[in-house]
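> Have a look at this one before I ask anything.
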Amino acid sequence: MTKTIMLANPRGFCAGVDRAIAIVERAIELYGAPIYVRHEVVHNRFVVDDLRGKGAVFIEELKDVPPGSTLIYSAHGVPLSVRAEAEALGLTVFDATCPLVTKVHVEVKRMNKAGMEIIMIGHAGHPEVEGTMGQVDAGIYLVQTVDDVATLRVVNEDQLSYVSQTTLSVDETRDIIAALKARFPNIHSPKKDDICYATQNRQDAVKLLADQCDIVVVVGSPNSSNSNRLREVAALKGVDAYMVDNASLLEPEWFAGKRRVGVTAGASAPEVLVQAVIDRIKAFDVTQVTELPGVEESTVFALPPALRPLF
């Protein structure tokens, strides 16, 4: 049985990931190795291993950073306590926090200053959630599901607002927001939807892909939130959906009896991994590869001034 590979568009790296990787590479170029990075700069094993080979040292605790070293915050952002600790240690710091995550941080501080309690829609333990909730000392509560909304306790229902993790499922978040508004009619919304453009575009693209395919393969690492959401979105469309870190994890039996194979990638997965997956699937009697139409992304985020090229 001949097969066709269909590629989602857009897929792979977003502007925030491009910027975060460039910050690490540029810091190594200017300051020399080692450059310390708090947490994986983006959630992709291939990217992290590549940067480690160039001289990046990934740590979770600042106690592991020698005094006077250069430190980079990951794209997911950090709590205010980490910034204070880095300053106390006299570290040279570059911030690779995605600007769209920083926007949520600013929103949280604004809401807190206005005297509002804040509900954070997100996944417990994710570094973006920890960073966002760590922008204020108190008065912020985590909600992960619609069921959580029913048991939520707040001090003042009339002084309540919400923000979201930027990499969530658009549809799932919509349901949670609807539940919040039903229980707390006076809840304040953020000025703009917190789900980032790249998350939205990739989820829209995988829905289109799943509608035309018998199976969808998402390229992404297990700890990548947006990659996991892509697999879930595809599965909800009723097709077999798998997520793989690399081509070696593909199982031939997945493709038995499948004629149209969809491939996409999370925002932290490089195109080189996608091409390797395509090459591997081609061995399963694939006759053609086609790319679906999609949204063209032109967003570019600038590097910190000290890391920008002079010319």
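Using N, Cα and C of the backbone, Cβ positions are placed for all residues, glycine too.
Dumping what Swiss-Prot says about this protein:
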ACT_SITE  Glu128  active site, proton donor
BINDING   Cys14, Cys98, Cys196  [4Fe-4S] cluster binding site
BINDING   His43, His76, His126, Thr166, Ser224, Ser225, Asn226, Ser268  (2E)-4-hydroxy-3-methylbut-2-enyl diphosphate binding site
BINDING   His43, His76, His126, Ser224, Ser225, Asn226, Ser268  isopentenyl diphosphate binding site
BINDING   His43, His76, His126, Ser224, Ser225, Asn226, Ser268  dimethylallyl diphosphate binding site
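I'd like these features described in context: how deep, what's nearby, how far apart.
Counting only same-chain residues six or more apart in sequence, the Cβ atoms lying under 8 angstroms from the Cβ of Glu128 (active site, proton donor) belong to His76, Gly77, Val101, Gly122, Gln165, Thr166, Thr167, Ser225.
The DSSP secondary structure for Cys14 ([4Fe-4S] cluster binding site) is coil.
Under a cutoff of 8 A between CB atoms, and with a sequence separation of 6+ in the same chain, the neighbours of His126 ((2E)-4-hydroxy-3-methylbut-2-enyl diphosphate binding site) are His76, Gln165, Ser225.
Cβ environment of Ser224 ((2E)-4-hydroxy-3-methylbut-2-enyl diphosphate binding site): His43, Asn44, Gly266, Ala267, Ser268, Ala269 lie under 8 Å away, each six or more residues apart in the same chain.
Packing around His76 ((2E)-4-hydroxy-3-methylbut-2-enyl diphosphate binding site) is summarised by its Cβ count: 28 other Cβ atoms lie within 10 angstroms of its Cβ, all protein chains included.
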> What other residues of this chain sit with their CB within 8 A of the center of the CB atoms of Cys14, Cys98, Cys196, the recorded [4Fe-4S] cluster site?
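Everything else in range on the chain: Ala15, Gly16, Val17, Ala75, Pro99, Leu100, Val101, Thr166, Thr167, Tyr197, Ala198, Thr199, Ala267.
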> Applying the rule Cβ within 8 Å of the centroid of the Cβ atoms of His43, His76, His126, Ser224, Ser225, Asn226, Ser268, what extra residues of the same chain belong around the dimethylallyl diphosphate site?
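Result: Val42, Glu128, Thr167, Asn223, Ser227, Gly266, Ala267.
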> If you count Cβ atoms within 10 Å of the Cβ of Ser225 ((2E)-4-hydroxy-3-methylbut-2-enyl diphosphate binding site), leaving out that atom itself, what do you get?
25
> Based on DSSP, name the secondary structure state of Ser225 ((2E)-4-hydroxy-3-methylbut-2-enyl diphosphate binding site): helix, strand or coil.
helix
